[in-house]
């Protein structure tokens, strides 16, 4: 498909640190964080005027789901806006605690692991064609997802080395750095589970659209990205691969013998050269597999043309990202890819303070990289200093805080804004807009995720605005 | 970095008002090398200024139930 809906769901980590006092528990912090949301929408699960969804998820994680985006530009802007919205709640809670004299500091992290080895996710959604055989798509996608961490992993410090398979606690080896945060927490290739036995692709089939034509691919193996260019590469490469698979392109079978083990091997091998066993007995490294995908996609784009105006930028960063690993020269991407940006920062800190990755300070820095605060977050510190690249402008992000992308989300966003401003009781999900008015009860279905106008939605918004409900 | 506020009615984030302007991009050659060293020193000092002193306690304090 040349046009596709994308979305990213991000679970945030939250902690209240009070060295001189009594810290709030994670549950209490989350509950208090959502107090303004509750006051705004009478629920801790709300859809916003920008079309996105904000809620408290399993394990007291604040979670933000972007609105449906139809372009790479929009999904990156919506994801960045989501971080700002949740961080604004953090800043409000901080002020409240300061006023109450509770003190301490509230930290919100856009990362994927806490210090006890609990993992929380970043989920990518891609609308795919129902015509494409799902098993074939998964077959080609899995080896790609297993190996793409060498490009779009968020990087992680292991003060005592790689954890043994299945262990949530660190290993007992020498200190190390891995490409991915999430790789050590994924257990299988694809299934319908999300928490007990975490797969890479969740097969739950909830298209949120016309099920005859579309299905939703739910990828849950990725790391959350701080860097906009990393987000763009993560979504952009996966979209290109899907486009090629959907077009029926013949690809060699690179099914991995053991995807979950391969995921860990790739994450902990910074050279990208460790041999992974394929189901057919052959062996390939992460670099070799990624080069195969890049070459196939490049040839596909040459034959069929670019389907959006950022394809060149995606292909360029993809190629450079692989070269950075192959030549062991992270400086090729240390303004664009999270694992390299973070590693550069950690390495210069370690050098100037004469410490290595076994030092607790390194783990703290790793965490602080993902801190969403503009003043305390290390990524945002680099951003402010012009040390990292962006993919969308600050104005685009500011607009995405209040404006939905040009998709069905714009209908939802305008409906939510109108109903909220008029104080009219309403219920919304991804497909339905429901009005629970005094005189009118109406449910409208928005089946086409690309549609930005729909007569019955315009009618109901007009009625709400007139006070006619 | 003005923040459009969706929940609540407070003003923009106070902590951001004294954030310095983005550094101007470095030029080239020796000037750049000096600038980079200077920039790195500034950055590391800024980091030390915001990190909590007890790294171990801070990290251990961040424990949550697993998500999805």
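Sequential numbering from 1, following the chain as shown.
Quick reminder: no glycine exception, Cβ is built from N, Cα and C everywhere.
In TrEMBL, the ATP site is described by A:53, A:66, and among A:339, A:430 the residue recorded at this site is A:430. Nearest neighbour of residue A:66 (ATP binding site) by Cα distance, taken over the recorded positions A:9, A:55, A:57: A:9.
Residues near residue A:430 (ATP binding site) in space but far in sequence (CB under 8 A, at least 6 apart, same chain), listed by position: A:68, A:208. If you take the Cα of residue A:63 (Mg(2+) binding site) and the Cα of residue A:53 (ATP binding site), they are about 8 angstrom apart, rounded to a whole number.
Residue A:57 (active site, proton acceptor) sits 11 Å from residue A:9 (Mg(2+) binding site), counting Cα to Cα. Here the recorded positions are A:53, A:55, A:57, A:66, A:430, and the ones sitting under 8 angstroms from chain B, going by CB atoms, are A:57.
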